[in-house]
Amino acid sequence: MADVVVGIQWGDEGKGKIVDRIAKDYDFVVRYQGGHNAGHTIVHKGVKHSLHLMPSGVLYSQCKNIISSAVVVSVKDLCEEISMFENLENRLFVSDRAHVILPYHVQKDAFKEKSQNIGTTKKGIGPCYEDKMARSGIRMGDLLDDRILEEKLKVHFKAIEPFKEAYDLNETYEKDLREYFEQYAPKIRPFIKDTTSMLIEANQKGEKILLEGAQGTLLDIDLGTYPFVTSSNTTSASACVSTGLNPKAINEIIGITKAYSTRVGNGPFPSEDTTPMGDHLRIGGAEFGTTTKRPRRCGWLDLVALKYACALNGCTQLALMKLDVLDGINEIKVCVAYERRGEKLETFPSDLKDCVPIYQTFKGWEKSVGVRKLDDLEQNTREYIRFIEEEVGVKIRLISTSPEREDTIFL
């Protein structure tokens with residue numbers, strides 16, 4: 001059986017810590033979408049690990065780690081992450097169906113961002129997915145055979161010829177790209193496998209599989225705050241599509257949310273706090289992007305968005321992250337509805353323009369940092385947790401009270 005860990009905000013919810021915390025109970029940890037535009041930070045034995053492509057189970061020797069077919073892969077960045085760890089042979093597997101990000105994709109991404117101003121990381125993620133959908137991309141499996149790779153490169157060079165000048169590709173681009181693959185393909189080849197068959201077989205054998213999403217539900221290309229979204233499907237449903245596991249293989253769906261809200265980049269954010277309180281949350285929560293180092297926009301928990309995300313994913317339980325960041329705040333706000341042009345909205349609309357948050361205020365608490373038992377939390381803290389559970393209709397089974405792995409309350 002497989003369990004899914006999915007972010008139910010705009011990403012950066014703390015999925016890495018949760019996967020790292022529970023990975024010891026699984027045989028496989030699988031990253032199922034996105035690219036190195038996403039980052040997750042794991043603190044293990046006091047050491048901070050910032051990962052972008054590598055599944056979070058890499059710190060557990062018994063875990064097999066898979067990068068599955070809907071992930072887009074920068075082979076250069078993956079090689080750099082591989083070099084951070086030892087003994088990854090037979091522990092890391094990259095789907096032969098996953099698509100490869102090319103330098104051209106990065107150039108195109110930067111060019112488009114100048115005019116669209118979506119707030120992308122300019123890592124080439126979107127253009128790589130574009131080529132995938134146009135059925136013209138290069139896949140990881142193509143790197144296993146030099147002849148096939150050369151054929152794919154010739155098609156690629158022909159396709160981009162009209163755009164070389166626009167995307168600032170120099171005269172040596174073809175030579176440089178061939179040298180790029182000559183450098184990195186041999187390092188990656190030992191890890192490229194048919195992960196779809198591997199996971200189907202593992203599921204049939206009853207092995208435990210943890211499916212790890214990137215970004216968050218509200219950045220989903222179809223169901224998020226379009227056009228300020230990522231280029232992949234970020235909901236739990238995409239875990240099946242990417243891995244080849246059928247929906248009946250899914251057991252628990254664990255939704256990850258912070259005790260407040262953040263967003264990086266542009267796009268609507270109704271509960272954003274632009275007063276010094278927003279700065280307080282940013283500093284207290286160390287809210288700076290793992291990938292871009294950009295400061296995240298911060299605000300109060302948005303239950304309208306949270307209920308929407310839980311419904312989309314079919315969450316069976318929640319993990320509440322960074323509760324300790326709210327320590328010492330006298331009054332804590334929660335967005336319970338929106339007002340838009342005189343109308344009260346309790347459901348999440350496709351367009352958040354003109355949506356103003358309606359808040360409910362709670363008394364704050366002194367301290368929760370480092371607490372590992374529910375009974376040790378102050379009454380006001382427990383009331384805040386209970387309110388979230390009741391409003392969303394999903395039980396909170398895990399609460400994080402610091403970045404450290406052990407500072408976790410299991411319910």
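For all residues, glycine too, the Cβ spot is worked out from N, Cα and C.
What Swiss-Prot annotates here:
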- D12: active site, proton acceptor (ACT_SITE)
- H40: active site, proton donor (ACT_SITE)
- 11-17, 39-41, R296, 322-324, 400-402: GTP binding site (BINDING)
- D12, G39: Mg(2+) binding site (BINDING)
- D12, E13, G14, K15, N37, A38, G39, H40, T121, R135, Q215, T230, R294: IMP binding site (BINDING)
- T290, T291, T292, K293, R294, P295, R296: substrate binding site (BINDING)
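With a 10 A radius on its CB, H40 (active site, proton donor) counts 27 other CB atoms from all the protein chains. If you check the recorded positions H40, T292, R294 against G14 (GTP binding site), the ones with a Cα inside 10 Å of its Cα are H40. Cα proximity to N37 (IMP binding site) (within 10 Å) is found for the following recorded positions from G11, D12, T292, P295, R296, T401: T292. Long-range Cβ proximity for R294 (IMP binding site), meaning a same-chain Cβ under 8 A and a gap of 6 or more residues, is found for V264, G265, F288. Cβ neighbour count for K17 (GTP binding site): 27 (other Cβ atoms within 10 Å of its Cβ, all protein chains included). The Cβ neighbour count for P295 (substrate binding site), using a 10 Å radius and every protein chain shown, is 15. A distance of 14 Å separates the Cα atom of L323 (GTP binding site) from that of D12 (active site, proton acceptor). Distances between the Cα of the residue listed as 'active site, proton donor' and those of the binding-site residues G11, T121, T292, K293 are shortest for G11. Residue density at T121 (IMP binding site): 22 other Cβ atoms are found within 10 A of its Cβ, drawing on all protein chains shown. Around G11 (GTP binding site), the same-chain residues at least 6 positions away in sequence with a Cβ under 8 Å from its Cβ are A38, A214, Q215, G216, L219, V264. Proximity of T401 (GTP binding site) to non-local residues of its own chain (separation of 6 or more, Cβ distance below 8 Å) is seen for L323, D324, S368, V369, G370, V371, R372, D407, T408, I409, given in sequence order. Among D12, E13, G14, K15, N37, A38, G39, H40, T121, R135, Q215, T230, R294, the residues given in the record as binding IMP, the maximal Cα to Cα distance rounds to 34 Å. In the three-state DSSP assignment, the secondary structure recorded for T121 (IMP binding site) is coil. Counting every protein chain shown, 24 other Cβ atoms lie within 10 Å of the Cβ of L323 (GTP binding site). When the recorded positions D12, K17, G39, T292, P295, R296 are screened for a C-alpha within 10 angstroms of the C-alpha of T121 (IMP binding site), the residues that qualify, in sequence order, are T292.
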